[in-house]
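See structure below.
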Amino acid sequence: MCGSQASGMAELLRLLLNVAEKAANVARVCRQEASLFELLVQEKTGADKNKKFVQDFKTLADVLIQEMIRHDVCAQFPELTGFIQGEESNKFENGLGESVIVTVCAQEEDTTALLAKVLDGNQNAASLLTKVIHQDLQIRDEAAESLQLSISPADVGIWIDPIDATSQYIEGKEEEEPEEGFCRFGLPCALVLIGVYLRSTGQPVMGVINQPFNRKDSTGKGWKGQHVWGVSYGDVNICSVTKRRPFCPQKKDYLSVLLSSSERPAVKNALAVISNGSLMYASGAGYKILCVVQGLVDVYVLSEGSTFKWDSCAPHALLRALGGGVSDLSECLRAHVNANKGHAAELTYHQPHTESQGVDRWANQGGIIAYLDSSVIDKVVAALAGKI
């Protein structure tokens with residue numbers, strides 16, 4: 001293993017932990033002032049829109065986070081220029097109807113001037129956001145710093161979802177008593193997701209997830225966050241999340257199944273059988289996969305192609321580090337029909353659907369199944385076979 005390669009990936013992970021925490025700070029700052037926050041929400045249209053939602057929004061926080069991560073990573077790793085992709089367009093329209101391309105500049109005063117234009121001349125808000133964007137954060141994590149991987153940053157690409165579950169972030173609801181250890185909705189479902197994949201194969205190899213709104217602070221007014229990360233490549237499988245319990249789904253009569261509340265009735269009915277009728281629901285694709293990572297549920301199933309590479313890449317890497325994965329549900333169903341049991345059909349992240357347009361080029365079009373143990377695939381697929 002080349003020493004520069006090994007240290008390069010450790011440095012990349014350390015940088016991603018830092019920028020994810022800066023991103024969480026941006027998300028928190030943008031929610032602190034209601035009148036300011038209302039200025040920062042803009043509806044997506046056309047090719048940028050997720051067809052699952054009647055309305056699909058982006059916020060300035062989304063765009064700022066994405067461009068800040070792109071700026072900081074490319075400054076330290078220029079070999080990643082052109083290989084960092086995100087959910088959001090960086091074009092924003094201010095109150096005067098002017099289109100502004102949002103970027104993070106090398107100098108603070110230039111970033112402030114650009115943001116002031118987006119914010120209709122609000123210098124105070126622009127300065128506050130700039131200060132957070134340009135802060136120098138150093139997250140210390142011994143396991144991350146000692147990472148040894150036989151690939152280099154030049155071998156990988158990055159997917160960013162600056163704020164997954166944007167609708168929950170905008171609504172800002174707080175669930176006072178989470179059920180079964182997780183929140184069904186609200187600010188805790190809003191996550192910063194940064195996933196790293198191999199350019200050659202599309203395999204997810206590294207993921208960083210920051211949850212800006214994990215718990216209330218001691219005053220009860222502000223929020224504290226948490227971050228988790230994982231790496232899976234070759235014989236290296238490290239995750240900051242440890243499994244909660246020995247996992248033996250073969251010995252369980254029923255599985256705990258997590259779904260989107262908008263999942264179609266045929267899927268709900270079929271999976272109710274293997275969950276003893278107690279299906280679970282939560283908001284945000286990234287958050288639902290994180291629930292699997294944390295061992296709060298056995299499996300997350302989505303039959304629609306309404307998630308995207310930026311939703312699944314980061315948590316997929318964590319699941320792989322724990323021995324699990326995220327697979328294409330349609331491919332698993334097809335393999336079941338062909339009596340190819342145990343076929344994982346894991347998602348990859350390097351190739352678009354060339355026949356599709358806009359964001360659909362990067363959709364997980366066959367639906368997904370996220371699991372800690374691959375033996376749950378056969379149970380889920382057997383329940384769904386012939387039903388969808």
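Each residue, glycine too, has its Cβ placed from N, Cα and C.
TrEMBL annotations: computationally assigned, not manually curated.
Values in this document were obtained by computation on a predicted structure and should not be read as measured data.
What TrEMBL records for this protein:
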BINDING   Glu87, Asp161, Ile163, Asp164, Asp311  Mg(2+) binding site
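Features per TrEMBL, on structure.
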{"residue": "Glu87", "record": "Mg(2+) binding site", "Cβ contacts under 8 Å, 6 or more apart": "Asp62, Gln66, Ile160, Asp161, Pro162, Phe308, Trp310, Val359"}
{"residue": "Ile163", "record": "Mg(2+) binding site", "Cβ contacts under 8 Å, 6 or more apart": "Ala27, Thr59, Ala61, Asp62, Ile65, Tyr169, Ala190, Leu191, Val192"}
{"residue": "Asp164", "record": "Mg(2+) binding site", "Cβ contacts under 8 Å, 6 or more apart": "Ala190, Leu191, Val192, Leu193, Gly284, Ala285, Gly286, Tyr287, Trp310, Asp311"}
Seminar exercise, completed: Within 10 A of the CB of Asp311 (Mg(2+) binding site), the number of other CB atoms across every chain shown is 31
Problem set entry | CB contacts for Asp161 (Mg(2+) binding site) [other CB atoms within 10 A, all chains] | 30
